C-alpha cells in the first residue's frame, strides 16, 4: 500500500516554492514520521540511459536483481506502512482482476450469504452537485446591476434577480487561489461566466452613478484583450473550436438535419447486401454433389479461378453501383517524430489534451463518442468534439520525412474524433454529421477496441472484431460520406486470447473481403491508418502488450502497401478517390509505451510508422518530452505540481470559473490524479527502464510534496485540488473509478 500523508494544512499555491527551491515542510505538530526523512528537492534531472544504467538496465548501486511486476525502488525510500482508514484498496490487486470481479457478476458465498466484494468497480458513481444555493438569472448575469435585461420568464422565473442578494446569500465567497485573480480574465481580458465567477471580485467594481447610487459593474481589460492572438482564425473568443451550435443540435434532436449522402448510401448497402446474401446462399445450395474427384481432391486451380472470375463478372453486371463515390481525402502523415495521444475515456478531456500538446503530443483524439447520441443531438456527446485551438496547428515534422504525394503539412492539424457504432447506418450518419457540424477534424476514427461490457454487448467497440464483414462495410460507408476527412480505425488483437484475428482483419481492410469484392471494383476499404492495441479484449491488462504480434501486422501492411498495384483488381484502373491516403495505409502500434526507450524500440524493431500512447502520458504527461529529447526527465515534485496547476487553469477556461466549472475541473483533476500518483520518480529506481505495469511497494518521496503526490488516498487528491480550486463544495463527492484504483477502462 502506498503511503498517505497526515491531514495537515498545505500552503496556498502562491506560497509554493519554485521548481528549484525547497519543498514545503510539514507542520511538526502533526508528528509525521516522514518529516524526519525530509530531503531537499533536487532540481529536474536529465538522465540518459547510458549514463544512469549499464547495458542491462541496472544501476551501478543496485546489486539486487529486478523482480517481475514490482517497481525496483531503492531500499532507502521503501517504508513499511499498514493501510489507513480512507485509503483505497492495495494496488497488489491486479487492475483487470478488479474489473473481472465486477463483470463476472458472481460473488463468493459463505454460509449461504454473498460476501461483499472488496475489489471491482465503484458502479453508479456520483460526484454530488457543485452549484450555487440559488442560481442567478441569465438576464442579470452579464449586466450592470441597474441595467438588467428583460427576463423572458417574468415572475415565474426561479432564479435570483437581485445581484447583491445573490452575491451575499447564494454564492460562495471568492477564491483566493491564483492570487485571487480569475485565470480566465487574466488571459482573455474578460470572464465568460459573468457574476457567477468564483473570482468575480478580480473583474468587478462598484461605481457611483449620476444620481449618487453605487452600482456593481463587470470590468473588461482592453489591453489584455488586445494581447490575445488566436492561433487559428476559426477559433472562438475562448480559444475553442469544433463547437456544435445550438441550432445544429436542435436540428439533430428534431430530425430536421438532412443526410444527403448517408441516407441513400445506407439504403443502397442494405438492398445490395440482401441481394448478395440471397445469391450466395442460392449458389451454395446449388453446388453439385460431385464437385470433388474420386480421390477427394477439389477441382483444379485453373477451373476454380475461371469460375470465380465468371462469378464476379456476373455479379458486377447484376448489382447496382453505389449512389456516389467517396470524396478525395486530405493526405495524412504519421512518422517517428509524431507520437500520438490515444483516445481516452474520461481522461482525454480538452484541458488534458491541451497540456499534452504543450509537452509534445503531435496528434490527439476526442474521447470516444457514441454514434446514436451524436445523431440525436445529445449535448454531452457533442461536447466531446470541442478542441483547443492549439490542437488545430499542424504536427511537427522532421526535414526529409517520407510523406505521401499530395500531403500538405500546413493544412494538417492534430485533433481527430473517435466514434463507436454497432450499426452501419449509425456510423454513416454520425460521420456525415461530424463532417458537416465540426469540419475541423484531422480524422474520424472508428473504435473497434473498447472492451467495456456495456459497449461490447451492444455490438460496438471490440465486438466488431468478430464481424469483419460488417466492420468493412462500416469503414467503406464512413469513407464515402466523410467529405474530405480521412477515416481511420483502432483495433485490438481480437476478443479472445487464443484466437487473435487482427492479421486477417488488417488484410481484409487493405484488400477487401469476398462479399465486398462482389460490390466494388477496388479492394481497399478506405482506412487511411490502422492502430493496433497489442492486447485482446479478454486479456485486458493482465499481461504486457504483444509487440511481436504488432510487428507481424506491421510487416503485413508494409508488404501490402508495396504490392498495392499487384493485388488490385486489374479489370480497370483504380479510382483515386477509393484509394486511402494516396494508396498508403499507415500503421500505428499501441500498448505499454512508458519511456523513450520503449518508443524507440517499437519504432526501430516493430516496424510501426508511429506509436500511440495511452496510459503512459496519464501517469507522466512529459513522456512526450522524453521521446523528443531521447532521455529520461526526472521531474521534481514542484514541476509536477506546476503541471497540475496548469491543468486547473485550463479546466477553468474549458468548463468555466463558476461553481459548476470549478466542481467539474476538480472532478476531472482527481480522476487524473488517480493516474499520476502511480508515477515513481526516476531518481528512486534501481533499474531502468521503468515498466508501466510494475507496482511499487509503499515508498516515501525525496520530500514531503513528492510523497503526497504518490498517495493512493483519494482524500489527499482532494487536498491537492484544494490548493488551486479552494475548499470543495459541501455537496461535492468523489469515488475512485475502481476500488483498487484500476484503470482498465481508460483506453479502448
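A Cβ is built for glycine as well, from the same backbone N, Cα and C atoms used for every other residue.
Swiss-Prot lists 450 with the feature active site, proton donor. The FMN binding site feature in Swiss-Prot is assigned to 343, 344, 345, 418, 490, 533, 590, 591, 592, 614, 615. According to Swiss-Prot, the feature compositional bias 'Low complexity' maps to 1-22. As annotated by Swiss-Prot, compositional bias 'Basic and acidic residues' applies to 23-51, 99-112, 292-314. Annotation comment: Swiss-Prot describes 1-130, 279-314 as region 'Disordered'. The zinc finger feature in Swiss-Prot is assigned to 131-164, 181-206; the stated evidence is sequence analysis.
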Fewest other C-beta atoms within 10 angstroms, as judged across 345, 590, which are the binding-site residues
345
Cβ atoms near residue 592 (FMN binding site) (within 10 Å, other residues, all chains)
23
What counts of helix, strand and coil residues does DSSP assign across the zinc finger (131-164)?
9 helix, 2 strand, 23 coil
Residue list, the zinc finger (131-164) vs rest of chain: Cβ under 8 Å, 6 or more residues beyond ends.
170-172, 193-196, 209, 213, 215-218, 658-660, 663, 729, 731
Secondary structure of the zinc finger (181-206) by DSSP, residue by residue, totals 13 helix, 3 strand, 10 coil
Among 343, 344, 345, 418, 490, 533, 590, 591, 592, 614, 615, the record's FMN-binding residues, the widest C-alpha separation in angstrom comes to 21
Cβ-Cβ neighbours of the residue listed as 'active site, proton donor' (radius 10 Å)
25
What does DSSP call residue 490 (FMN binding site) in the simple three-state scheme?
strand
Expressed to the nearest Å, what is the distance separating residue 490 (FMN binding site) and residue 450 (active site, proton donor) at their Cα atoms?
9
All-chain count of other Cβ atoms within 10 Å of residue 490 (FMN binding site):
26
In Å, rounded, how far does the Cα of residue 343 (FMN binding site) sit from the Cα of residue 450 (active site, proton donor)?
10
Helix, strand or coil for residue 592 (FMN binding site)? Use DSSP.
coil
